[in-house]
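Single-structure report; data block below.
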Amino acid sequence: MSVTHYSYGSCDTGAPPPSPDKQSEDRLSSVLQDQITENGLLDDEITTSNHNVKRRQSPSTSECIRTEQVDRPDLSAADGEEDDDDAPLPALSSLPDVRDRGYAWVTIAVMGLINMISNGYMRASGIICNAVIDTYPGISTAVTSLIIASLGTFRNILAPIVGAASEQFGYRAVMLCGALLCSAALMTAAFANNVACIVLSLGAMMGMGMSLLETPQVIVLSDYFDRRKELADSLRVAGNPIGGIILSFLFVSLHESVGIKLTFVFMSAILLQTVVPLCLIRPYHVQQKITQARKSQLTKTYSNDCEREQMKKAQIIEIHKKDAGHTRKKFDFILFKDPIYLTYIAMIFCWGLGFPHMFYFIPMYGRSINLSPTQNSTLIAYQSTLDCINRIITGMLLNRRMFEKRHYFTGCMLVGGAGICLIPFCGGFWTMICAMTLTTFCSTGFFTCLNGLLIDQFGRDNISSSYGFIRMIQGFFCAVLPPLLGLIVDVTGSFIPSFLVMGGGVMMAGICIALQPLIPSKNLINQLR
């Protein structure tokens, strides 16, 4: 590609053109801006050839223009674009910014639908374990908790690897693999004839599939959203509780009608259908190129209005500089040297004690106080409905910057943890409803605030590492805690110690984040880089 430099002088065409000189992009843009502003060049057609000079008279100036051709790297060739005009303006390669609008909301709708199906399974896990106990009599609470332990472990511990894979191979390909693996896991469970196969399929395989489906979503969110990321994230995670509403009743109904094996086959088919909407999640740079191509078609007629062209160039230069510095690290271990990030590590340890296992132990406790499967499903559906509403409202409020995310996170953890502690003291359906109302706040605060906090404090480019490491650490605890909590229930014959541990852990998670202002941060991330 050739970029033309302009110089002004007398109309003496006998002087040989100056020799080519390598110039930086910033120098090129400043020279163009100064010269066109000072001399008022309008409606000029400038043709250039290597070391050949051609003069044209501008309608708005009497000076002659001498041009020289300077060889520069072809920045637009990388995108496969060619100039359509005979005399194009110098092109500064860049792609448009398409964040916070248009197709970005399509990706949120798709991810919400995926979460509705995949996380609906997670919320119905306690009901599924009750059905497994009915199908395989004699299984203890500690044994069935292995399903939850393996599910939570593989769902979380693989997050950094999945994040790196998303950067390497693209998040759409990774999420498609996750949908296929989840479907295969449920189909395998349909033909399982012992507890080991059930734990492997409903636990390990399903956990790996859900990790592949969920972890790339935070990268998609950071790519497509900036100013409205809080609202977008709340709409994305609002699909989680909606799935709990639907799948809880659906599983109970199918189990009573056709048995557990055909129920797994039916759920496998549902998860397989998610492959179709997942294809709509385009990589961000692909959507940029599509948007640029559409704009090029709409603006095919070349405009000689110099002011408009210069405004367009200034926009392109700024976006180009912004995109040039936009690089991600697959594994950024420097995060562990930041004391603020260590508060998130402590938070996820405390959080891992409680909420992730709540949806397993609540149906188990409901069964112990003689609640029917329909009543257990109603409890999960009620909590999921309230959670969905709270997440959407919270996202709207956060988007308006009405309060600090850290303060809201802390308050939700304290209220939700108190609700979990009250559950084992409930003796009937309606008292359980009251306790479940409080527990809703811990899930709302965690899922609507965490990603925004990580992006704000550690940057968009680090989200695959900052989020992935937190999920990985949570996975280690998920491998140990559910069997341990189940063993406590078997030994003591009571759910009170287990629920107190879970509720206390959630409350401590909020306190860890509340203490951040007291920690002297030296901004180690920027210093160590």
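Using N, Cα and C of the backbone, Cβ positions are placed for all residues, glycine too.
Looking at 26-47, 136-157, the stretch flagged in TrEMBL as transmembrane segment turns out to be 136-157. Within its own chain, the transmembrane segment (467-489) has Cβ neighbours under 8 Å at 140-142, 144-146, 148-164, 211, 215, 218, 335-336, 344-345, 348-349, 351-353, 356-357, 360-361, 364, 450-451, 454, 495, 497-498, 501-502, counting only residues six or more beyond its boundaries. In this chain, the transmembrane segment (260-281) lies in contact with the transmembrane segment (169-192); the count of Cβ pairs under 8 Å, excluding pairs fewer than 6 apart in sequence, is at least 3. The transmembrane segment (136-157) is in contact with the transmembrane segment (339-360), judged by 3+ CB-CB distances under 8 Å for residue pairs 6 or more apart in sequence. Within the same chain, the transmembrane segment (436-455) packs against the transmembrane segment (339-360): three or more Cβ pairs sit under 8 Å, each pair at least 6 residues apart. Counting only same-chain residues 6+ beyond the ends of the transmembrane segment (339-360), those with a CB under 8 A from a CB of the stretch are 122-126, 129, 145, 148, 152, 244, 380, 413, 416-417, 420, 439, 442-443, 446, 454, 457-458, 466, 469-470, 473-474, 477-478, 481-482, 485, 501-509, 512-513, 515-516, 519-522, 524.
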